[in-house]
Amino acid sequence: MKKTILIVEDELSLSGYLTKELQFEDFDVVVANDGLAAMASYDQYKNDLLLILLDWMLPKLDGMEVLRRIRKHDQVPVIIMTARDYIGDKVAGLDNGADDYITKPFEIEELLARIRVIQRRAENQTEPNQIYQLDDVILDTKAHRVTCAGAEVQLTHREYDLLQFFLAHPDQVFTRDDLLDQVWGADFLGQQNVVDVYVGYLRSKVDGDSPTPLIKTVRGVGYKLRKSTANAN
Ligand code: CA
């Protein structure tokens, strides 16, 4: 779950206060004091941002322009902070893609409530449809379905998770410990040979009699996904 909040605010006492309060709530906080600094911070942290708190009246680039530029790239949630209670500012902000606005001065509890709404929305977003493919083996995360040469393969949840993990990490060797951590979870209390057992299940279900097993044994280390036969030369 992303937990970085970018605060764009030129009023240092306010940005300092918000930083302290949000850090206390366990968010990671980045502060920019003008519109250009906001774009630089956005570029640097965009993959980690839960949301942006954006002041409307800013030096260098105003909030409206910052919002327009960010919306060319993505849909990160933006809450506008405006000192002026003009309905026109709020409408302009929402028209330009802001998710919410808050009028200064505000109580921190009011801001936290709005942040929680955005967090809940982010948590409820379904993962994008992702298709993994290696030759004729296709794993479709949306349908939770695996096919091999067009025929559906019935996998248990664990087998499915293990196959998805390998398909998502082509060309990497994993030890049995790595796989236990990543697929079974760090708190799994079992023996490493459970990995060997499940790799065996996957091979028998997906490979059949194929001379090129989907998952290769790397002696003395662990396992890796085999390369595409189409690329073999
Ligand atoms: Ca300002």
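Any Cβ shown, glycine's included, is placed from N, Cα and C.
Summarising the annotation, TrEMBL assigns domain 'Response regulatory' to 4-119. Feature annotation from TrEMBL assigns 4-aspartylphosphate to ASP55. Positions annotated as domain 'OmpR/PhoB-type' by TrEMBL: 129-227. The annotation DNA-binding region is assigned in TrEMBL to 129-227.
Annotation note: ASP55 (4-aspartylphosphate) sits in a strand segment as assigned by DSSP. The Cβ of the residue listed as '4-aspartylphosphate' lies under 8 Å from the Cβ of VAL8, GLU9, ASP10, GLU11, GLY63, ILE80, MET81, THR82, each of which sits 6+ residues away along the same chain. Looking at the domain 'Response regulatory' (4-119) alone, the prediction's average pLDDT is 90.
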